[in-house]
Amino acid sequence: MKFSESWLREWVKPAINSEELAHQITMAGLEVDEVAPVAGEFTGVKVGKVVECGQHPDADKLQVTKIDIGEEALLDIVCGASNCRLGLTVAVATVGAVLPGNFKIKKAKLRGVPSHGMLCSFSELGIDVESDGILELPEGTALGMDVRELLELNDVAIDVDLTANRADCFSIRGLAREVGVLNRADVTEPVIDAVAPSIDDTVSVEIKATDACPRYLGRVVKNINVKAESPIWMQEKLRRCGIRSIDAVVDITNYVMLEQGQPMHAFDLSKIDGGIVVRLAEQGEKLTLLDGNETELNSNTLVISDHTKALAIAGIFGGKDSGVTTETTDVLLEAAFFAPDHIRGRARAYGLHTDSSLRFERGVDSTLQAAAMERATQLLVEICGGEVAPVNGSESEADLPKANVVALRRTKLDSLLGHEIPSEDVVEILTRLGCNVSVVDDSETTDAGWTATSPAWRFDIAIEQDLIEEVGRIYGYDNIPNQAPVAALKMNDHKEANQPLKRVRDLLVDRGYHEAITYSFVEPEQQKLVVPGVEPLILPFPISADMSAMRLGLIQGLLNTVVHNQKRQQSRVRLFESGLRFIPEASAENGMRQEMMLAGVIAGTRGEEHWDIDTNTVDFFDLKGDLEAILELTANEKAYSFKALSSENKKQNPVLHPGQSAVIVVDAGLETEKEVGVIGTVHPELERKFGLNGRTIVFEIEWAAINTRVLPEAVAVSKFPANRRDIAVVVDEAAASGDIVKACIAAGGEFLTDAKLFDVYVGKGVEEGKKSLAIALSLQSVERTLEDADISGAVDSIVAVLAERFGASLRD
């Protein structure tokens, strides 16, 4: 909405300047896009009259004039404008005047004829008006008057970007109301007296779509002079609001729309057949619009018609066949209320966008129509003359908008604004906004506050938050003190020993893995291949038949993902996933035990393809090394061990190759161990059924078994030398080397700091069915240098324990 500040100040006079006014409007929620002067900077331009006008002796397109500016001497001025003529009242830039662009007027000679000034056009005064010649001022204007003062050009045009909810501000009336509220200033509306009818002519009005048009008013005005020129003050006000002057009738309806906020239309009465009918269009009905384009109407479009044809698209655009022309003498003025829901989107459907549709789409005050009709009639008679008939029309009171009654609680107001505004200020603000306010005094409950009945022009006040917004913006957001919210915060319980899952994810990504996320819903028959003998939870309403069971583990989803990637020529696959498995258990909550699991899978080549590196296929120990890296994050990796699957375990884990798989166990204390996961190569039979291409190794481990870590402790660094002793022991080939290393650590005593397996040998020199394990023993004291007796004692103790538990003997 673009408006003239001087026009606004005719209605309300805030004691602030233009810059402060623009800032105030913006802070109230009506964002100002631009504040621009309505004319350029100029001085020395006066009102003059052409008293002589003749042809230039040496130029066909120039005229020599004498101009009266109310002084003793007439001014000789040469002019080239086509509309320069005898008796014309003009804007004269006298010698010494300065026009926009610092253009100074001096005495000159044009083709030998002296010229003491210049007759100015709109553009030469920096006024944005399309015109072909010089500015024509109203006849009878006082000669010698400053043109800047005459046209009130010490003014600015303020362009406001209105949000969709503030349709009430699409008029000077609405903006004045808003500025008056913000400044506690009175609003002076123009006096609109009812125009007394002088004739009895009326046109019947029938509304067939009362829900779309609850009110329609019409008035006949006869014998008007449609060629009368709009007064300069009206043209200027329209121009400063961004509307071009067309003719007196159109200018008047546009003026009333800008002033009052009520779009209007004028029909040529002689082109109306019978009476006015407000109805929905017939599908395919055609109408030629004022711009000359013929459009085919949709059945959901509201039209104004007579008894034979459509005359206009209601609230959007008029029809050419019923429009006012230079031959028109009798008109029918229209002022109606159209429901926003029946106008919204219709203009866009026809590729139209008009000032009228913009206002009706967002909502027009349903009480304005009668006053707007009288205002338009008043102006039409003043400018064009004519004989006025009484206003007639039709309305459906039941379909007119009803005022909203909204409750505002004191507690809610304070809570949302974060500041307590005095109650008397709240009542004053709502009253100034046009609301009918009642106090609700209920101090014993949280309902104490007010009820407010919204005014007819505010469609957007419907709920409590709307009232709070109004109170806040009128009170002034700048007046609400900055106060940080106070919240009693309690830090989450955090144990430093907790192992974050993100740390494990990052480690696996750093080792070349990609994280996968598979569905928790799986194909039940396929799951039986991986976890036989356990009945999963079957979904009553699955997404599809192959996603009807809750998963019992993560391996099934990862294997399917490997197959998916291998089918897309991925020769190296490394994936991991963390997620829940769902184990039916009667004693658990809802009969279901949910456990967080971590699983991984590798397949294909060990490394990326490279000309200098052999592309070996992955094996069991590649994945075991990655899993050991995860266990090291706990800083307690010695508590974990890998044990070959027993025949019993093989039955429980048919997914794994019987000779290339192990269970993951953790020391549970009191010399007991707990199985927490599995690792191994996928069984060839299962590999075939899944469609895997080549060797695939998987692991799955309970997250609860690795989600804590041993916190580091400061220990003294020994300044005494460390000693290493290597022993080679012969044991049964079936003996687990991990168990033997753990036994060494347990039996080594206080001086043993580490024991590592560094060689395994089977062959010549070792009895069949036996193997030789070479173990490095590290010994050190923090108090003294160890003597041979100390070292020998520890080694002998270890050898004795190995002999007792595993039948081990030192290799010769």
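Keep in mind that glycine also has a Cβ here, set from the backbone N, Cα and C atoms.
Summarising the annotation, Swiss-Prot assigns Mg(2+) binding site to Asp460, Asp466, Glu469, Glu470. Taking a C-beta cut-off of under 8 Å and a sequence gap of six or more, Asp466 (Mg(2+) binding site) has these contacts in its own chain: Val406, Asp460.
What Swiss-Prot lists as domain 'tRNA-binding' is 39-148.
Feature annotation from Swiss-Prot assigns domain 'B5' to 401-482; the stated evidence is sequence analysis.
Annotation source Swiss-Prot lists domain 'FDX-ACB' at 718-811, citing sequence analysis.
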- On the DSSP side of things, how many residues of the domain 'tRNA-binding' (39-148) fall into helix, strand and coil, could you say? 5 helix, 48 strand, 57 coil
- Task: Can you check which residues sit near Glu469 (Mg(2+) binding site), meaning Cβ under 8 Å from its Cβ, same chain, 6 or more apart in sequence, and list them in order?
- Result: none
- Task: For the domain 'B5' (401-482), jot down how many residues DSSP puts in helix, in strand and in coil.
- Result: 33 helix, 15 strand, 34 coil
- Number of helical, extended and coil residues in the domain 'FDX-ACB' (718-811), per DSSP: 30 helix, 32 strand, 32 coil
